[in-house]
Amino acid sequence: MFRTLTVVPLLALGLSLSACADLGQPTVRADLLDQTGKVTGTATFSPSPIGTRVSIEVSGLKAGPHGLHIHENPNCNPGPDAQGQTIPFGAAGGHFDPGASHNHDGPHARNDQGHGGDLPMITVGEDGKGRLNFDTNRLKMTGPTGVLGRSIVIHADADDYQTNPAGNSGGRERCGVFQAIN
């Protein structure tokens, strides 16, 4: 009887700790800048029991859905697009693609089927404010699928989740570089 009472709680503790293994990851945040350099929101990625909790708040955008993506480079300066023209936040580079899929896809595709950086759209209200919260197991804060040392970009238009390279989601409206906050 004593062994059963001892083993069962220890087994439950071990299972709960293994489910929280990713909770050792740092929390990272990006201040979202507009094209003038003004901070207009934040994107925070933090550990959650299923992987990563994503929380985004932004203001000053037109009403409606906006494409949202993790980009390769930790740089929000102007830079060249695929055609070599300088665009706002172009130095952020292309979409983060840890699975080397070379394919724009929806936010629920596996990393080997679509860019790991393709996120759900953020919807902005008539007041110009948007908020998005979700959990994902496709991205972490560090490691091969980590966002630390990368950027996040909010685009001008909705993402069609199929057109390469950016889902036909228009220009880059907001950008932020992820930094560890703990």
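Cβ coordinates come from backbone N, Cα and C, glycine included.
Feature annotations, reproduced from Swiss-Prot:
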type	residues	note
BINDING	H69, H71, H95	Cu cation binding site
BINDING	H95, H104, H115, D118	Zn(2+) binding site
COMPBIAS	102-115	compositional bias 'Basic and acidic residues'
LIPID	C20	S-diacylglycerol cysteine
REGION	91-118	region 'Disordered'
SIGNAL	1-19	signal peptide
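The two recorded residues H69 (Cu cation binding site) and D118 (Zn(2+) binding site) have their Cα atoms spaced 5 Å from each other. Cβ neighbours within 10 Å of H95 (Cu cation binding site), excluding its own Cβ and spanning all shown chains: 24.
Cβ-based neighbour count (10 Å, all protein chains) for D118 (Zn(2+) binding site) stands at 27. In this structure the C-alpha atoms belonging to H71 (Cu cation binding site) and D118 (Zn(2+) binding site) are separated by 9 Å. A distance of 7 Å separates the Cα atom of H95 (Cu cation binding site) from that of D118 (Zn(2+) binding site). Other Cβ atoms within 10 Å of the Cβ of H69 (Cu cation binding site) number 26 in total over all chains. Around H71 (Cu cation binding site), a 10 Å sphere centred on its CB holds 26 further CB atoms from the protein chains shown.
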